[in-house]
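Structure, as structure tokens:
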Amino acid sequence: MMIIGIDPGLEFTGWGVVSSTNSQSVCLLDSGVISTRGISRESEKLYKIYVSLLSVLSLYKIDEASIEKVFINSNPRSSMSLCYARAASTISVMSRGIDIYEYSSTAIKKCITGNGMAPKEQVSFMVRSSLGIKQDVEINNHSSDAIAAALCHVYNTRNRNFALK
């Protein structure tokens with residue numbers, strides 16, 4: 001099963017594609033960041049996120065997607081921007097007929113690290129450890145968070161399938 005994880009953001013949208021086999025192994029196939037820095041119009045940023053994710057989705061036979069839920073913070077403007085980026089990401093995935101699953105950042109962190117309030121560095125460390133990614137391989141926080149979302153879905157799917165047996 002191939003899963004794409006998405007960490008939406010208006011400036012930086014992280015993505016990570018993992019493959020999970022029946023033998024319980026998971027491997028990272030690819031990851032990256034869609035940057036909209038230098039683009040001033042919000043509509044153009046959203047379009048770039050949409051088109052760039054479509055491009056990534058065309059490279060792999062993705063079975064399911066996992067995306068971080070939006071949390072509402074004290075700054076309404078940044079919350080709205082995050083909602084827009086999430087919508088552009090969701091539409092990209094849904095337009096390919098791929099089921100998308102949503103997890104809160106707390107649920108993702110708890111699943112990956114055991115601590116729902118874990119700092120980004122701890123999430124990144126556990127992502128690297130879980131997938132055997134060497135320290136010299138560059139993965140930024142946006143990609144790491146997206147990979148964590150994908151791993152969270154893999155682990156939750158395994159638990160659901162185990163419970164059904």
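The backbone N, Cα and C atoms fix where each Cβ goes, and this holds for glycine too.
Because the structure is a prediction, the values reported are computed rather than measured.
The C-beta environment of ASP7 (active site), restricted to residues of the same chain at least 6 apart in sequence and closer than 8 Å, consists of THR13, GLY14, TRP15, GLU68, HIS142, SER143, ASP145, ALA146, ALA149. Per Swiss-Prot, active site is recorded for ASP7 (among others).
For the recorded site, ASP7 (active site), the DSSP three-state label reads strand. Sequence annotations record features per position, and here Swiss-Prot assigns Mg(2+) 1 binding site to ASP7, HIS142.
Feature annotation from Swiss-Prot assigns active site to GLU68 (among others); the stated evidence is sequence analysis. DSSP assigns GLU68 (active site) to a strand segment in the three-state reduction.
The Mg(2+) 2 binding site feature in Swiss-Prot is assigned to GLU68; the stated evidence is sequence analysis. Summarising the environment of GLU68 (active site), the number of other Cβ atoms within 10 Å of its Cβ, over all protein chains shown, is 25.
Swiss-Prot lists HIS142 (among others) with the feature active site, giving sequence analysis as the kind of evidence. In the three-state DSSP scheme, HIS142 (Mg(2+) 1 binding site) falls into the helix class.
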Neighbouring C-beta atoms (10 Å sphere around the C-beta of HIS142 (Mg(2+) 1 binding site)): 24
